[in-house]
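Engineer: Let me give you the structure first, and then I'll get to my questions.
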Amino acid sequence: MATSTSAQPRDTWGSKLGFVMAAAGSAVGLGNIWKFPYTAGESGGGAFVFIYLLFVIFIGFSVMLTEFAIGRKTGLSAVGSFKSTDKRWTFTGVLGVLSGLLIMGFYPVVGGWALAYIFKVGGGLLSTPEAIGDSFGGFISHPMQPLTWMGIYLLLNVVIVMKGISGGIEKAGKILMPLLFVILIIVSVKGLMLPGAMAGLEFLFMPDFSKVDGNVVLAALGQAFFSLSLGMGCMITYGSYIKKKENLVQTTGMVTAMDTGVALLAGIAMFPAMFAFGMEPAAGPGLVFVVVPQLFAEMGGAVGLVLALLFFIGLTVAALTSSVSLLEVVVSYLIDEKGLKRSTAVIGSSVVMGLLCIIASLSLGGVGPTLFGTGVFDIFDLLTDKIFLAVGGMLVCIFAGWRLSRSDLEKEITNDGEISFPLFGLWYTLVKYIIPVAIAVVAVMGIKSGFDSGKGAIMLLGIGIIVLTGIFSKKL
Ligand code: PFF
């Protein structure tokens with residue numbers, strides 16, 4: 001592609017693509033294909049999608065560029081980059097590590113479902129389409145089955161991160177992610193051809209703002225952060241590997257576009273089919289595991305089977321390239337700041353994550369403790385994407401805008417003036433003033449609505465944890 005027009009040697013271009021794919025590997029994951037469709041479904045569709053896109057463009061893009069710039073400038077991972085600049089800011093990195101730990105307290109549960117579905121599809125799931133919905137319900141509430149798959153999935157992460165061989169999984173991602181993209185297109189076309197499918201597109205893209213409340217706006221913000229891997233220092237760590245001569249703005253644009261493209265495509269693959277099948281858009285976390293197999297069953301024969309297998313293999317690999325980046329945030333903190341050996345750090349943190357996942361998985365089957373009537377799976381999800389990541393993103397912006405100097409940032413982003421970024425002033429204003437205020441406003445609206453829907457106490461718990469992290473992080 002770019003080789004004929006670019007004056008740069010091929011290997012530079014190749015390594016640049018490698019970096020973009022690695023960052024996109026972290027971004028594109030369960031957040032796009034599992035979480036985006038069901039959150040859009042539960043949040044009323046079009047208006048949620050519209051607000052999410054606004055947040056991606058005006059907040060997500062700017063925060064990602066900020067994280068890349070901080071990472072490349074300091075050359076350090078999440079905690080180190082804050083600590084080396086100003087010790088008082090260490091807690092922002094620590095909060096990121098905590099987010100990584102908690103997200104890994106439920107992510108492998110869903111990663112395990114994706115893995116299990118490769119085998120379920122292979123074992124004949126598609127031959128009884130009418131039983132697909134019940135089969136998912138039975139599967140996740142059966143205590144041992146999902147736990148076993150979660151364990152295997154987590155183990156795969158351990159092996160990859162322990163050996164530091166994320167290169168292998170990234171290579172697999174480079175083949176399987178484009179393949180997943182193609183399969184999503186095929187599924188979308190198939191879904192759109194079903195009678196009654198247009199209602200699904202309308203649901204997804206025609207905003208009905210009467211359905212919007214603080215909860216929906218906060219969900220859209222949380223989705224943008226979660227999907228783009230922002231607000232917890234992951235992209236700071238990735239930024240520390242970017243070469244000085246690479247164009248941060250362009251890289252940010254490519255990663256953001258790929259991530260958002262996959263999410264929208266997943267929506268287009270699922271909603272038309274759901275409406276055609278007469279299913280509920282608010283079907284919840286099982287959406288992709290019920291709708292997609294049903295579509296493949298509809299296709300029938302060997303083609304349906306092969307595409308379904310490839311879809312769940314692709315989904316599992318996309319999930320893996322994201323979860324290893326989450327695990328790596330926690331592991332690199334333990335190695336860099338606590339002086340642990342890599343193997344001890346990986347095993348120690350994954351044991352904790354595994355325990356959290358066991359409680360989270362059981363909570364979906366109605367087993368295990370609840371807090372204010374909410375199960376552990378939902379609590380981890382609520383605490384992380386709706387509170388910690390948003391607050392983390394706000395802190396990253398305040399740090400860049402008020403603690404780093406404008407000219408240093410300009411030098412970093414423009415490669416000492418070699419790259420022109422005419423929107424630098426706008427980006428800086430967004431980061432310094434507008435995004436922190438916008439996030440604060442959305443958070444307050446979300447907490448208010450949270451109280452109306454009985455989730456307020458959990459949100460206050462989240463804020464309490466952030467305050468405690470601030471107080472105790474000097475010891476960490
Ligand atoms: N972005 C990932 C996804 O969409 O599945 C999840 C994630 C990875 C969130 C890494 C945060 C992170 F730091």
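Backbone N, Cα and C define each Cβ position, glycine as well.
As annotated in TrEMBL:
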TRANSMEM  17-34  transmembrane segment
TRANSMEM  46-70  transmembrane segment
TRANSMEM  91-119  transmembrane segment
TRANSMEM  147-165  transmembrane segment
TRANSMEM  177-197  transmembrane segment
TRANSMEM  217-241  transmembrane segment
TRANSMEM  262-282  transmembrane segment
TRANSMEM  302-335  transmembrane segment
TRANSMEM  347-367  transmembrane segment
TRANSMEM  387-405  transmembrane segment
TRANSMEM  426-447  transmembrane segment
TRANSMEM  453-472  transmembrane segment
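Give me the lay of the land around each of these features.
Structural biologist: Tertiary proximity for the transmembrane segment (17-34) is limited to same-chain residues at least six positions away from its ends with a CB under 8 Å from its CB atoms, namely 107, 110-111, 114, 169-170, 173-174, 177, 180, 184, 223, 226-229, 234-235, 238, 241-243, 246, 251, 254-255, 258-259, 262-263, 266, 285, 287-288, 315, 318-319, 321-323, 325.
Sequence-distant contacts of the transmembrane segment (46-70), counting only residues of its own chain at least 6 positions beyond either end whose CB sits under 8 Å from a CB of the stretch, comprise 39-40, 81, 202-209, 211-212, 216-217, 219-221, 223-225, 228, 230-231, 233-236, 238-239, 242, 248-249, 251-253, 255-256, 260, 264, 267, 393, 396-397, 399-400, 404, 409, 412-413, 427, 430-431, 434-435, 438-439.
Same-chain residues lying 6+ beyond the ends of the transmembrane segment (147-165) with a Cβ under 8 Å from its Cβ atoms: 108-109, 111-116, 316, 319-320, 323-324, 327-328, 331, 342-343, 346-347, 350, 353-354, 357-358, 361-362.
For the transmembrane segment (177-197), the residues of the chain that approach it from at least six positions outside its boundaries are 21, 24-25, 28, 33, 261-262, 265-266, 268-273, 275-278, 292, 295-296, 298-299, 307, 310-311, 314-315, 317-318, 321, judged by C-beta separation under 8 angstroms.
Outside the transmembrane segment (262-282), and at least 6 residues removed from its termini, the chain residues within Cβ reach (under 8 Å) are 28, 31-33, 36-37, 40-42, 45, 49, 180-181, 184-185, 187-188, 190-192, 194-201, 203-204, 227, 288, 290-292, 294-295.
Counting same-chain residues at least six beyond the ends of the transmembrane segment (302-335), those with a Cβ under 8 angstroms from any Cβ of the stretch are 25-34, 77-79, 93-94, 96-97, 100-101, 103-104, 107-108, 110-111, 114-115, 117-118, 121-122, 126, 153, 156-158, 160-161, 166, 169-170, 172-173, 176-177, 179-180, 183, 186-187, 229, 232-234, 237-238, 288, 292-293, 296, 341-342, 344-346, 348-350, 353.
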Engineer: Taking the transmembrane segment (217-241) as reference, which of 91-119, 347-367, 426-447 has the most Cβ pairs under 8 angstroms?
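Structural biologist: It is 91-119, which has the most Cβ pairs under 8 Å.
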Engineer: For the transmembrane segment (453-472), give me same-chain residues lying six or more residues beyond its boundaries with a C-beta closer than 8 angstroms to one of its C-beta atoms, as numbers and ranges.
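Structural biologist: Residues 91, 94-95, 98, 215, 371-374, 379, 382-383, 386-388, 391, 446-447 contact the transmembrane segment (453-472) from elsewhere in the chain.
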Engineer: So, do the transmembrane segment (347-367) and the transmembrane segment (91-119) meet, by the test of 3 or more Cβ pairs under 8 Å (sequence gap 6 or more)?
Structural biologist: yes
Engineer: Which bits of the chain, at least 6 residues beyond where the transmembrane segment (91-119) starts or stops, bring a Cβ under 8 A of a Cβ in it?
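Structural biologist: Same-chain contacts beyond the ends: 30, 34, 78-83, 125, 139-140, 145-154, 157, 226, 231-234, 236, 285, 289, 293, 309, 312-313, 315-316, 319-320, 322-323, 326-327, 329-330, 333, 349-350, 352-354, 356-357, 359-361, 364, 377, 380-381, 383-385, 388-389, 391-392, 395-396, 399, 465-466, 469-470, 473-474, 476.
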Engineer: Six or more residues beyond either end and a Cβ under 8 Å away: which residues meet both conditions relative to the transmembrane segment (426-447)?
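Structural biologist: Tertiary neighbours of the transmembrane segment (426-447) are 58-59, 62-63, 65-66, 213-215, 217-219, 221, 386-387, 390-391, 393-394, 397-398, 400-402, 406, 409-410, 413, 456, 459-460, 463.
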